[in-house]
Amino acid sequence: MAGIVTEPWSVAENGNASMTAKGSSRELRLGRTAHNMSSSSLRKKSDLRVIQKVPYKGLKDFLSNLQEVILGTKLAILFPAIPAAIICTYCGVSQPWIFGLSLLGLTPLAERVSFLTEQLAFYTGPTLGGLLNATCGNATELIIAILALTNNKVAVVKYSLLGSILSNLLLVLGTSLFCGGIANIRREQRFDRKQADVNFFLLLMGFLCHLLPLLVEYLANGKTSAAVLSDMQLSISRGFSIVMLISYIAYLVFQLWTHRQLFDAQDQEDEYDDDVEEETAVISFGSGFVWLVGMTLVIALLSEYVVATIEEASDKWNLSVSFISIILLPIVGNAAEHAGAVIFAFKNKLDISLGVALGSATQIGLFVVPLTIIVAWILGINMDLNFGLLETGCLAVSIIITAFTLQDGSSHYMKGLVLLLCYFIIAICFFVDKLPQKQNAIHLGHQAMNNVVTATGGGVFSS
């Protein structure tokens, strides 16, 4: 963290932190993803002068870690929601309250995981640190997806992952471009297109993997059984998931090793910034690892509460599960990351904002989604890449309109406004969605097509 004053006792607690932490501040930032740089904007400088007076080293170390990890964020005010959710669970409080408190509790935890992985990166070096940051960047979404799978809530998994992609492409990026354009209305905002191009290539490939299982339904004639179609979609999806994971590994190699310079544009403007000071680790490697494990376990606990109470919250609030999963979950769960992207857009640093939005969308689309398919395969749960006609259409339009928005390497507030309006259009669509929720509701399109085939006596659809 920039601007932290390292006291003598803190150096002792960290061992030889300054010697073990590899590289200068500039070198370390090469291992930081835009996700981490965005989250860092929500951190606040810790004042350790009072803790310095504590005479006992063990207590002093514990209090300093508590200060840095728990109180070192502007979102610390939301931490009481965590014990409140746990207490409400055991006191038999209404499930919608548990759902809402769990969502609020997940917000600071996601930001703290980003902070802890960044702290560990000081000791592992920029390359391994960047890999750790990329892997843990969307840990909350992955944990919620896996827990929903274990409860056989495949529809919730699909909706939540789709919502994360849509929110990053339209809501986060749209808000960043709009706010940045308003704040810098008399300045031209420009960014490096090379990084965005790479992300869009990968997103379009991921969209193809969603489109083809959907089209399988419309290639079948009226005599094809639903079981055969489902088996084909399942087999195709599992094969595609392996390809998607391979592409994501190639993307990490491309980003962290062979073409790292394409993803370092966001650092160049800060290189000679007077406000940037030498960055050092503020907690030891062992402490950071323990805190990271603990935070992950708490995220798993709250995610279990979210998954268990989402249907009850849907009934009480008179909102569809699709709206809650696609719209509310991504907004609340990634609020810290989203706010950071907007803050950097205000500072006319769009490369970081784009890195957050596009990088997170790519990670979910090419890592979290296929990994979830593989995990479902291992668990014996049938989950495919067919997210439904409406959902896949929203994904396609979101990728295409975002790509057109960023094609010239410049930005103004009108581009952000259009992206935001597109997100509101999609939100309204799912808000009024009252179709019965079921895992294979996506096959409604196949049933409709069969009706067309029957009414036309076959025709072109039966060929």
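Cβ atoms are placed via backbone N, Cα and C, with glycine included.
Taken verbatim from TrEMBL:
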- 75-100: transmembrane segment (TRANSMEM)
- 96-257: domain 'Sodium/calcium exchanger membrane region' (DOMAIN)
- 120-149: transmembrane segment (TRANSMEM)
- 161-185: transmembrane segment (TRANSMEM)
- 200-220: transmembrane segment (TRANSMEM)
- 240-257: transmembrane segment (TRANSMEM)
- 288-431: domain 'Sodium/calcium exchanger membrane region' (DOMAIN)
- 288-307: transmembrane segment (TRANSMEM)
- 319-346: transmembrane segment (TRANSMEM)
- 352-380: transmembrane segment (TRANSMEM)
- 387-406: transmembrane segment (TRANSMEM)
- 412-432: transmembrane segment (TRANSMEM)
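Residues of the same chain lying 6 or more positions beyond the ends of the transmembrane segment (412-432) and with a Cβ under 8 Å from any Cβ of it are 166-167, 169-171, 173-182, 185, 189, 319-320, 322-323, 326-327, 390, 394, 397-398, 401-402, 405. Break the domain 'Sodium/calcium exchanger membrane region' (288-431) down by DSSP state and the numbers are 121 helix, 2 strand, 21 coil. Proximity of distant same-chain residues to the transmembrane segment (387-406), defined by a Cβ-Cβ separation under 8 Å and at least 6 residues beyond the stretch ends, is recorded for 158-159, 162, 165-166, 169-170, 173, 177, 191, 193, 196, 200, 203-204, 207, 210-211, 214, 354, 415, 418-419, 422, 426, 429, 441-442, 445. Here the transmembrane segment (352-380) has Cβ contacts under 8 Å with residues 33-35, 37-38, 134, 137-138, 141-142, 145-146, 149-150, 154, 157, 161, 164-165, 168-169, 172-173, 176-177, 180, 191, 195-196, 199-200, 202-203, 205-206, 237-238, 240-242, 244-245, 247-248, 251, 263, 266, 334, 337-338, 340-342, 344-345, 406 of the same chain, all six or more residues outside its ends. Only residues 6 or more beyond the boundaries of the transmembrane segment (288-307), in the same chain, are considered here, and those with a CB under 8 A from a CB of the stretch are 65, 69, 82, 85-86, 89, 98-99, 102-103, 105-106, 109-110, 112-113, 116-117, 119-120, 139-140, 143-144, 147-148, 151, 153, 156, 281, 329. Nonlocal intrachain contacts for the transmembrane segment (319-346), taken as residues 6+ away from its ends with a CB within less than 8 angstroms of a stretch CB, comprise 35, 37-42, 73, 75, 103-104, 106-108, 110-111, 114, 140-141, 144, 155-156, 159-160, 162-164, 166-168, 171-173, 175-177, 179-180, 183-184, 306, 310-311, 313, 352-353, 356-357, 360, 426-427, 430-431, 433-435, 437.
As a quick check, the transmembrane segment (200-220) and the transmembrane segment (240-257) clear the bar of 3 or more Cβ pairs under 8 A, pairs 6 or more apart, so the two touch. Only residues 6 or more beyond the boundaries of the transmembrane segment (75-100), in the same chain, are considered here, and those with a CB under 8 A from a CB of the stretch are 42, 107-109, 111, 298, 301-302, 305-306, 308-310, 312-313, 316-317, 336.
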